[in-house]
Amino acid sequence: MSRFFTTGSDSESESSLSGEELVTKPVGGNYGKQPLLLSEDEEDTKRVVRSAKDKRFEELTNLIRTIRNAMKIRDVTKCLEEFELLGKAYGKAKSIVDKEGVPRFYIRILADLEDYLNELWEDKEGKKKMNKNNAKALSTLRQKIRKYNRDFESHITNYKQNPEQSADEDAEKNEEDSEGSSDEDEDDDGVTAAAFLKKKSEAPSGDSRKFLKKEDEDEDSEESEDSEAWDTSSTSSDSDSEEEEGKQTVLASRFLKKAPTTEEDKKAAEKKREDKAKKKHDRKSRRPDEEEEDNEGGEWERVRGGVPLVKEKPKMFAKGTEITHAVVIKKLNEILQARGKKGTDRAAQIELLQLLVQIASENNLGEGVIVKIKFNIIASLYDYNPNLATYMKPEMWQKCLDCINELMDILFANPNIFVGENILEESENLHNADQPLRVRGCILTLVERMDEEFTKIMQNTDPHSQEYVEHLKDEAQVCAIIERVQRYLEEKGTTEEVCRIYLRRILHTYYKFDYKAHQRQLTPPEGSSKSEQDQAENEGEDSAVLMERLCKYIYAKDRTDRIRTCAILCHIYHHALHSRWYQARDLMLMSHLQDNIQHADPPVQILYNRTMVQLGICAFRQGLTKDAHNALLDIQSSGRAKELLGQGLLLRSLQERNQEQEKVERRRQVPFHLHINLELLECVYLVSAMLLEIPYMAAHESDARRRMISKQFHHQLRVGERQPLLGPPESMREHVVAASKAMKMGDWKTCHSFIINEKMNGKVWDLFPEADKVRTMLVRKIQEESLRTYLFTYSSVYDSISMETLSDMFELDLPTVHSIISKMIINEELMASLDQPTQTVVMHRTEPTAQQNLALQLAEKLGSLVENNERVFDHKQGTYGGYFRDQKDGYRKNEGYMRRGGYRQQQSQTAY
């Protein structure tokens with residue numbers, strides 16, 4: 001029979017086990033007769049009685065505690081989750097809050113959380129270091145807390161005016177409540193449930209109640225004043241229980257707080273309360289003094305908890321070990337064996353390798369060992385990010401540059417060291433100074449990987465931030481390292497390696513405009529001083545000479561098509577960038593790249609598209625609008641210029657590829673500082689199309705089958721015509737459309753004002769290196785094409801027109817007008833003749849007028865209508881109908897309507 005079904009306490013059951021009969025619990029009996037016949041575990045769970053207010057407020061305080069912990073560790077995602085739960089818990093407690101008022105601790109957490117989020121939001125550096133989830137949660141939570149706090153605006157304002165007072169009021173209120181409850185217990189000499197309730201952590205369970213120590217009571221004396229009212233004498237309780245043996249008493253009465261009955265007990269309790277109040281007052285008075293001392297003591301220093309300030313260096317070798325080449329190489333191989341394995345600390349591995357270099361240099365083990373370890377350090381830095389799309393951190397990137405520079409210093413200082421990827425590890429010579437030192441490794445591969453890492457850094461940095469500018473400054477170091485490796489490989493490398501490093505040098509040179517060389521071309525040598533000439537000589541060769549030298553070497557020595565193709569495209573791009581149109585065009589035509597570029601890999605195709613665009617812009621600067629239009633036609637007509645130039649992905653095409661393909665294509669994008677301005681590109685294309693299309697439309701206005709030179713230009717014209725209300729142009733496209741309409745009328749001044757104005761200068765024309773020359777060229781082209789359009793449009797109106805009049809109208813000199821009209825007459829575009837003595841253009845009027853053109857069109861349409869009707873009638877009558885019998889099959893002999901075929905046949909017979 002279980003002991004837990006006995007009546008009385010544990011002590012009773014223990015003492016009377018042998019001598020007395022156990023009282024059994026009747027099956028199916030009335031439980032109301034023995035309401036507290038419970039086991040110890042049931043006692044612990046059922047004796048805690050809490051009000052609804054306590055339950056709701058405890059739930060709120062637990063959530064607030066979790067939020068504050070998350071705030072300490074800057075876990076904004078956790079803060080967001082707990083804040084949403086806090087709002088729901090507050091909604092459940094709404095009925096209690098309406099009666100009691102909004103608790104102060106709730107207002108405090110709302111105010112503190114809002115201040116905390118504002119502080120995080122203003123910390124720009126901290127936001128950059130946040131992960132994606134925390135950054136997203138910060139934005140969401142900041143909006144939610146601002147919206148939520150509007151309902152508590154007055155409470156938060158009162159709290160912020162005196163936050164300390166609010167905190168003290170809460171503490172005092174809690175103390176008064178606890179003291180008031182204890183006083184009531186003393187006066188009433190009664191027992192309430194709240195008088196003996198304790199937290200689970202404070203309530204001992206099982207037999208441990210008998211063995212509570214005095215130290216436990218001393219530790220909890222400051223937390224609650226209820227401890228003094230508990231009966232500390234276990235012997236008295238035991239004796240009481242012995243006296244009550246055999247009675248069915250309530251077990252909870254053993255744990256009820258007893259009211260002090262004697263005067264001594266009352267005095268002791270009163271003294272304890274006074275001591276506690278005094279301690280509290282001392283703490284309050286001591287707090288401002290401590291704050292002043294802290295402020296005077298200097299600035300605070302933020303430290304990471306749990307991390308020792310002085311980090312001990314890892315021990316590489318046991319104490320007393322002799323450091324030799326074999327020991328260091330063995331240790332190096334041990335470190336490298338963990339490379340790439342799961343769970344390997346890559347940062348610690350890099351640190352160990354750096355420490356190994358330091359040990360090797362301190363023990364004078366030779367440069368060969370140091371070079372080998374340096375190669376592995378750089379390789380470990382590249383392997384730090386296993387994900388291909390992840391770019392290097394700034395500190396790792398700087399460490400990589402420094403390490404490569406140190407490696408190059410060693411190689412240049414020790415010509416007897418030979419490095420190469422074809423050297424086997426068994427044939428390495430790291431310490432024998434009598435023979436040349438041989439180390440396995442490829443410096444060219446390291447530099448190519450460094451260049452790729454630099455590209456990834458630029459791709460993943462916000463191009464409109466100062467951080468991008470700071471990273472772009474590192475290109476000078478990258479170019480310097482490439483130049484040093486170039487000099488090293490020119491002495492000791494193979495032809496293939498030299499071609500590869502030359503291509504790297506070309507890729508960092510081809511897109512840069514050489515302003516110094518351009519300035520020297522504008523300034524004649526006689527006009528420059530001697531110091532300027534000396535400075536120009538010291539600066540080295542121009543970029544044009546450098547590109548010529550590097551590319552010619554690749555043309556002659558390279559055996560791979562890819563390197564030669566890239567070199568040709570970069571060379572053409574550089575020529576076009578510096579307005580050497582004919583050299584760039586001839587090189588493109590001689591290379592025949594346009595015939596087989598579709599078989600090249602995507603990065604080379606992107607480079608080809610960039611080169612063609614730059615070639616078209618160069619032709620436009622030279623005034624060759626037709627060549628410019630032809631070069632830009634393929635890129636602009638596709639509507640995917642941004643994607644074809646590697647400057648971004650289109651949203652509509654994102655749905656056509658999966659996530660992996662998107663990542664691959666994003667890695668192909670060129671960095672922002674290599675981008676070509678797409679608005680400038682479109683403007684150049686549309687202006688070129690306007691200068692070609694408007695005169696052509698005027699010359700073939702009556703031709704129903706005229707072809708379109710540029711579909712995109714016609715599309716922009718149709719969009720402009722569909723506008724119900726035309727206002728002044730705002731965008732670049734609207735300016736070009738408005739200029740086209742003016743050119744149709746031969747109004748070159750209005751056309752000029754739409755193409756060249758302050759807004760267009762800022763958007764397009766000022767971006768050219770020689771902006772004034774481009775604007776002058778544009779004005780001249782607009783005047784010439786407007787003259788051609790005017791003659792095509794109004795030739796039917798004039799019998800003759802003076803060239804001087806045309807010269808005055810379009811502000812062109814007379815020889816230019818004469819040249820334009822002569823070309824039009826020679827090409828049979830204008831049916832006229834020049835009268836040299838009078839300097840007039842005599843129109844021949846062979847072309848039909850507009851009214852005659854309309855009449856001819858009407859006649860053709862009527863003729864086709866009659867023929868269609870006759871065919872329909874023949875089909876209805878059948879082959880043996882009366883029509884064919886009466887006409888004697890004349891229609892089938894081409895003697896139908898107007899007998900045109902017969903007349904022409906007869907005319908041709910008489911010609912013979």
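All positions are counted from 1 along the displayed chain.
Glycine is treated like the rest: Cβ placed from N, Cα and C.
As recorded in Swiss-Prot:
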type     : residues : note
COMPBIAS : 8-21     : compositional bias 'Low complexity'
COMPBIAS : 166-190  : compositional bias 'Acidic residues'
COMPBIAS : 199-215  : compositional bias 'Basic and acidic residues'
COMPBIAS : 216-229  : compositional bias 'Acidic residues'
COMPBIAS : 260-277  : compositional bias 'Basic and acidic residues'
COMPBIAS : 885-898  : compositional bias 'Basic and acidic residues'
DOMAIN   : 672-848  : domain 'PCI'
MOD_RES  : Ser9     : phosphoserine
MOD_RES  : Ser11    : phosphoserine
MOD_RES  : Ser13    : phosphoserine
MOD_RES  : Ser15    : phosphoserine
MOD_RES  : Ser16    : phosphoserine
MOD_RES  : Ser18    : phosphoserine
MOD_RES  : Ser39    : phosphoserine
MOD_RES  : Lys99    : N6-acetyllysine
MOD_RES  : Ser166   : phosphoserine
MOD_RES  : Ser178   : phosphoserine
MOD_RES  : Ser181   : phosphoserine
MOD_RES  : Ser182   : phosphoserine
MOD_RES  : Thr523   : phosphothreonine
MOD_RES  : Lys642   : N6-acetyllysine
MOD_RES  : Ser908   : phosphoserine
REGION   : 1-44     : region 'Disordered'
REGION   : 157-305  : region 'Disordered'
REGION   : 521-541  : region 'Disordered'
REGION   : 884-912  : region 'Disordered'
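Overlay of Swiss-Prot annotations on the structure.
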{"residue": "Lys99", "record": "N6-acetyllysine", "Cβ neighbours (10 Å)": "7"}
{"residue": "Thr523", "record": "phosphothreonine", "Cβ neighbours (10 Å)": "11"}
{"residue": "Lys642", "record": "N6-acetyllysine", "Cβ neighbours (10 Å)": "14"}
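The residue listed as 'phosphothreonine' carries neither a helix nor a strand DSSP state and counts as coil. The predicted model assigns the domain 'PCI' (672-848) a mean pLDDT of 89. If you take the Cα of Lys99 (N6-acetyllysine) and the Cα of Lys642 (N6-acetyllysine), they are about 64 angstrom apart, rounded to a whole number.
Taking only the Cα positions, the spacing between Lys642 (N6-acetyllysine) and Thr523 (phosphothreonine) is 38 angstrom.
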